[in-house]
Amino acid sequence: MYKSLFFCLKIFAVLILVGCGITAYIIYHYSRDLPDYSQLARYYPPSVTRIYSHDGKLMEEYAFERRVFVPINSIPSSLIESFIAAEDKNFYNHPGVDLLGIVRAAFLNISNYLHHRRMEGASTITQQVVKNFLLTNEVSLERKIKEAILSYMISRVFTKEQILELYLNQTFFGRGAYGVAAAAQNYFNKSVEELTIAESAFIAALPKAPSELNPERNYARVKARRDYVIARMFEDGYITKDAAKEAMDSPIVLRKRAKEETVTADYYAAQVREEVIRMLNSKEEFYTGGLTIITSLDAKMQQLAENSLRKGLREFDRRRGFRKPIANIPLDNWQEEIKKLPSPPSLLEYKLAVVLDVADNHAEIGLIDGSKSKILIAEMKWARSNLKSVKTLLKKGDVIVVEPIKDGYALRQIPEVNGAIMVMNPNTGQVLASVGGYDFSTSKFDRVTQALRQPGSLSKTFVYLAALENGIKPNQIFNDGPIEISQGPGMPSWRPKNYEGKFLGEITMRTGLEKSCNLITVRVATAVGLTKIVDIIKRFGINNEPKKVYSMVLGSIETTLSRMTNAYAIIANGGKKVEPHFVELIKDRNGKIIYRRDNRECLSCNVSDSNLDIAILEIPKEDIYRVTDEASDYQITSFLTGAIDRSTGYAAKKLGKIIGGKTGTSNDSKDTWFVGFTPKIVVGSYVGYDTPKELGKRATGSNVVLPIFIDFMSNAYKDEPSLPFKVPDSIKLIAVDRATGKITPSGTVIEAFKVNNIQMLENEDMIDNRDNNDIFDYVPSKEDQSQEIY
């Protein structure tokens, strides 16, 4: 008997030795090519870069993975306990691998298999860290062995808190959220400190199947999984029975960010993204660096600018009439038929509807949700001139675009025309608002910064400014009559025309700009010389390489809305150089400043000089200097306020503010512009087709774009006081006769003269251009008089 027992013991000992040997060999074999886990000590997870408006509203988030890193000491114990209960009951006691858990899971899975239930895993939190950071998701014995070895090794080097920090910041929770902080924001719009027990349990339940556990699709399953975690928390002694019951009884309510915490500014955010990537010279750093970017954007102005642009584009498009229905469908099963149609691009707040019946004075419509309503003929009058009956416009089965209004719906259509608007502070260069098109989701092409278009009469301002810089007085008389300019050997002569084909005779230079006279502008250009006009266009940043041709003075050069708005901002601020900028400040993931635009205090950025003991990106600062002298600048400003008071911008006078501005219309009315300004704000807007074509025979900056400016200013600037432009000491204001330019006590206009020209104020003859061999007067034919140039 003893011999048998001794023999059995020897066999058992041999088996143990063999087992230990095999285990040692396995550990040795698989340990030879293990990944370096020391990298975990240098863990800097990819983090979300966030862009904010100047007043603190979230504009956009950019990331390859939406993750917000939060240190373990900032994660509440209730959230940690939720994960311990859900994922690894013995986390604080095992050495990385839970042998008891493996045995328990094995027996449990036998029962689960027999009863057709889901299999239970036995991976510890440490093993999940190893899988997420160091290994792949490959299902193999080799990976599991390496996972166990690494988990044991990591547990000897890292504390439990360090392992938890890695796990809670790396795990995927669905909805694009990586880490518990991102999950708390995405699902509940809360920080981790604000989560309730029920919300913590919900987040802890997600790692098992983050894509499937969606309460909006499968509420019962998600609640069951959450309640399981709550029950485990109670069983493990983390919460009381009453707390568990209260948590289980609470519904799962997902919350998005409150609307007042965010601002929609897609074009602006895209511009900021490109600008910061250029600054950093790294796309990777932008998308993974967890940057906080404070911009110049004013959230209120941005929303108003977007509203005004869309309103203006829609109103202009409606003036062109109704094009046609989107489709025509059978009415037998209209609700299903309309659902089959692809949603038109840029539908926005508009809706699709189908015409169910038509009467003379209204149309009955059905909407996708099955509801029915009416459109009265009054809401279709824009569609066709002298519309007498709806039956001549629509028929049964027509699919149309409608807009909800107070007492029903109105017929609408998505505009084909596009445009842009930009709002700047002329003194600082801050871009307060920028909308690059009707709808970013349809077209990401930014018409503020990317669209090169002809500015038309907007460029005339700088021809007159060049004249003022060179000593020509504002009351100088020029002849608004037909002219002919030689363009060189073998080239036909150029005969510019005024917009309406009329001639005003002898008028002052001021009147020439106020009335946007083409012929006066050309005569002023010949008096100054093209070389000086090319110089001023470059100086103001309108175009870096303008062609030295006379048509340039009437706006044949190409420029962008951003450049043109900035050029007028220089005029608005008294002639000092300014550049549009979008970015005020950038912080890294640790809150340290890596870029600040200048040394002015940014009260809303929570910045102090104590933050600045780090390497700051060297962003070259532009020297502040004058682009034009302040006297000439005030004179041209006076001209431009006159254009609002008496001419093409007159409609803006109803705003009741002192405003300078200029309209612009290119040849054939393909591009229309308006830039208006006060001492505190400059607003530029543009309307045109992306593929240039005529907007209409009588389409001008005055009737297409100026309404956008007026709508914006009436909302954004209505409570601001009307501020006068500062009169420099080098200017003397004198009353003159508007028609003749002569000084008179009862003058009809207050003119701005340079002090050093006071002694020459006796009105002189108009400038004699007869010495210029390239220009001469001519008598126009009837055909010439009928032609128009803008």
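Backbone N, Cα and C atoms are what each Cβ position is placed from, and that goes for glycine too.
Annotation source Swiss-Prot lists topological domain 'Cytoplasmic' at 1-6.
Per Swiss-Prot, transmembrane segment is recorded for 7-27.
The topological domain 'Periplasmic' annotation in Swiss-Prot covers 28-790.
According to Swiss-Prot, the feature region 'Transglycosylase' maps to 49-220.
Under a cutoff of 8 A between CB atoms, and with a sequence separation of 6+ in the same chain, the neighbours of E87 (active site, proton donor) are T124, I125, Q128, A204, P207. Per Swiss-Prot, the feature active site, proton donor maps to E87; the stated evidence is similarity to another entry.
Taken from Swiss-Prot, the feature region 'Transpeptidase' covers 398-711.
The active site, acyl-ester intermediate annotation in Swiss-Prot covers S457. Just so you know, the Cβ of S457 (active site, acyl-ester intermediate) picks up 25 other Cβ atoms within 10 Å once every protein chain is counted. In three-state terms derived from DSSP, S457 (active site, acyl-ester intermediate) belongs to a helical segment.
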